[in-house]
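**Q** Below, the features straight out of Swiss-Prot:
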| type | residues | note |
| --- | --- | --- |
| BINDING | 8, 383 | Mg(2+) binding site |
| BINDING | 15, 206, 207, 208, 209, 210, 283, 284, 285, 331, 332, 333, 334, 335 | ATP binding site |
| BINDING | 89 | substrate binding site |
| ACT_SITE | 146 | active site, proton donor/acceptor |
| SITE | 178 | site 'Transition state stabilizer' |
| SITE | 239 | site 'Transition state stabilizer' |
């Protein structure tokens, strides 16, 4: 029996989940937010209890110390020695990493080198890795990459139609993201359908604050909507998704507040999407409240959101030459019945039909009618469990 922590570290946050392995039992979970500020928030959930404290956490090293000390303080572990492994979610692995790896100095350097591919994610993840290696130097640390699952895409799919020297010299290509989630929910969908994954054609829709759609052919990713960075694809919570790239120099020339390409990319990443269009919120619950109030900006943002998701799903029906099931997952995918209904209603030509009695908040499983030719499933993703499993698997290779 061992205890493994799954970590998802951002630039100012550290989300974690502690497992007892191999039983895969969640012992505790939590998040430390506002790292670097004097009013950081540490939240711990365990045994049906919730503890929350506001304190000064200046950096990721102090965040990790706080996490471990909380585990001892609340009696979840006795000593640091009970932690035998830690797994880190890394958004961008580039072409360096086709699978999860045990961390060493070179791995940390490569994660930092790939920051341009995931500027909102990789720097924070690298800081989290360094913090754990400093405080728990003797345990097995593992990196699990969002991009690994998508390394099965063929060259004609992952290359952009620009001169090939930009791929050869600078590795500009589609990498995708959310791969851990897409892989997990495809496996769970196969179990729900009672069929081998290697016989299925699935379209998996990870719809959270970040949104990505993946075409899964017999268990492998053959195309996905996120690209060189997680900015590409459908409209998202704060991200624009795909836009005409000529907009970038145009905006720099027109708007004095946007001084260079970095300013525009920051706007596209953090001030766009549902939040940017609506002017209300990036949270679908707030957008739906705006729909109820007939707020025209909320209606517009919602309609763009649905339209972009439908278009990517339609593309992947063409890529796969049909599909056995459409799978919704992640925050909105699992908890926004109205969004699911409006997406599927716009794809009825493909033979999909939702059962309104099943398409309700909290339901998991098959939400399609008996007559639906393409099944529509809601599957809870569990990226943290996938990370913990990879830690256990790789520990065996070095023991």
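Any Cβ shown, glycine's included, is placed from N, Cα and C.
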**Q** 146, 283, 334, 383: which of these recorded positions has the sparsest Cβ neighbourhood within 10 Å?
**A** 283
**Q** Mind telling me which of the binding-site residues 8, 209 has the densest Cβ neighbourhood, counting other Cβ atoms within 10 Å?
**A** 8
**Q** Among all the protein chains here, how many other CB atoms are within 10 A of the CB of residue 285 (ATP binding site)?
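**A** I count 12 other Cβ atoms within 10 Å of it.
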**Q** Looking at the recorded positions 15, 89, 178, 239, which one has the fewest other Cβ atoms within 10 Å of its own Cβ?
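**A** Candidates: the recorded positions 15, 89, 178, 239. Fewest Cβ atoms within 10 Å: 15.
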**Q** Considering only the recorded positions 8, 146, 178, 239, 383, which fall within 10 Å of residue 15 (ATP binding site) when distances are taken between Cα atoms?
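**A** Taking 8, 146, 178, 239, 383 one by one, the ones whose Cα falls within 10 Å of residue 15 (ATP binding site) are 8.
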**Q** Could you give the Cα-Cα distance between residue 239 (site 'Transition state stabilizer') and residue 8 (Mg(2+) binding site), in whole Å?
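**A** Just about 20 Å between their Cα atoms.
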**Q** Reduce the DSSP letter at residue 209 (ATP binding site) to three states and note it down.
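**A** For residue 209 (ATP binding site) - judged by DSSP and reduced to three states - the answer is coil.
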**Q** Have a look around residue 207 (ATP binding site) and count the other CB atoms within 10 A of its CB, chains all included.
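**A** A 10 Å sphere around the Cβ of residue 207 (ATP binding site) contains 26 other Cβ atoms.
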**Q** Roughly how many Å lie between the Cα atoms of residue 285 (ATP binding site) and the residue listed as 'active site, proton donor/acceptor', rounded to a whole value?
**A** 27
